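What TrEMBL says about this protein:
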- Cys189, Cys196, Cys199, Cys205: [4Fe-4S] cluster binding site (BINDING)
- 39-187: domain 'HhH-GPD' (DOMAIN)
Amino acid sequence: MTRKERFAACIDYFQKAMPEAETELTFGNTYELLVAVILSAQCTDKRVNMTTPALFKKYPDISSLAKAQYDDLFELIKSISFPGNKTRHLLGMAAMVKEKFGGEIPMTVEELVQLPGVGRKTANVITSVVDKQPNMAVDTHVFRVSARIGLTVGAKNPLQTELQLVKYIPKDLVYIFHHWLILHGRYVCVARNPKCNECGLRAVCKYYQTVVAKEK
Ligand code: SF4
């Protein structure tokens, strides 16, 4: 099976299995999504979703967040991993959006990565979720699942994975493909002991064909 055929088979499968895939973070606008994604670094979406309602109530927009006091904000997010760093990132992000971008969250990867706490992965999430731009955010699930299926070959880091994936995925499907891979990695193709017996991708999965099937 060629890589092109593998991508086509995955698209076919996911379109039927998960036609509505989207982020599991709870948000109501771009500001809330940006805050939630910054908080979600090395933390579960579930934990972030438990934390953000109180944060958004007290700081409903960039301008209120830019005026927040460190201790008050820290108190609201202290149950999340790395609360000190993330408090600094949120304050720095709000200040920069206000001062450098006139209070409007920018919508290009190049501008977003200038904000504290925002790396390429976060910028790709924001631009693809909010604006459907064909930017592939690569987290641990996307990295692992793409390699196992054989959608990427020899990718050594998230950037190599990203570049290989966007080369093959039709532009209008990049946004949803990201969510397909994350959800598949979270619930089926888990890091340890992937649930291959429950997986509808066995026929196209390189790992299944070359490792699992041979062990049987
Ligand atoms: S067959 Fe197994 S390794 Fe391949 S995608 Fe499915 S769960 Fe992952």
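Numbers run from 1 along the shown chain.
Quick reminder: no glycine exception, Cβ is built from N, Cα and C everywhere.
Mapped onto this structure are the features recorded in TrEMBL.
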{"residue": "Cys189", "record": "[4Fe-4S] cluster binding site", "DSSP (3 states)": "coil"}
{"residue": "Cys196", "record": "[4Fe-4S] cluster binding site", "DSSP (3 states)": "helix"}
{"residue": "Cys205", "record": "[4Fe-4S] cluster binding site", "DSSP (3 states)": "coil"}
Cβ neighbours within the same chain of Cys205 ([4Fe-4S] cluster binding site) - under 8 Å, at least six residues apart: Arg148, Ile149, Gly150, Cys196, Cys199
What is the number of other Cβ atoms found within 10 Å of the Cβ of Cys189 ([4Fe-4S] cluster binding site)? 24
Report the mean pLDDT of the predicted model across the domain 'HhH-GPD' (39-187), rounded to a whole number. 96
Quick check: which same-chain residues outside Cys189, Cys196, Cys199, Cys205 lie with their CB within 8 A of the centre of the [4Fe-4S] cluster site CB atoms? Arg148, Ile149, Val188, Pro194, Lys195, Leu201, Arg202, Tyr207, Tyr208, Val212
Cys199 ([4Fe-4S] cluster binding site), number of other Cβ atoms within 10 Å: 17
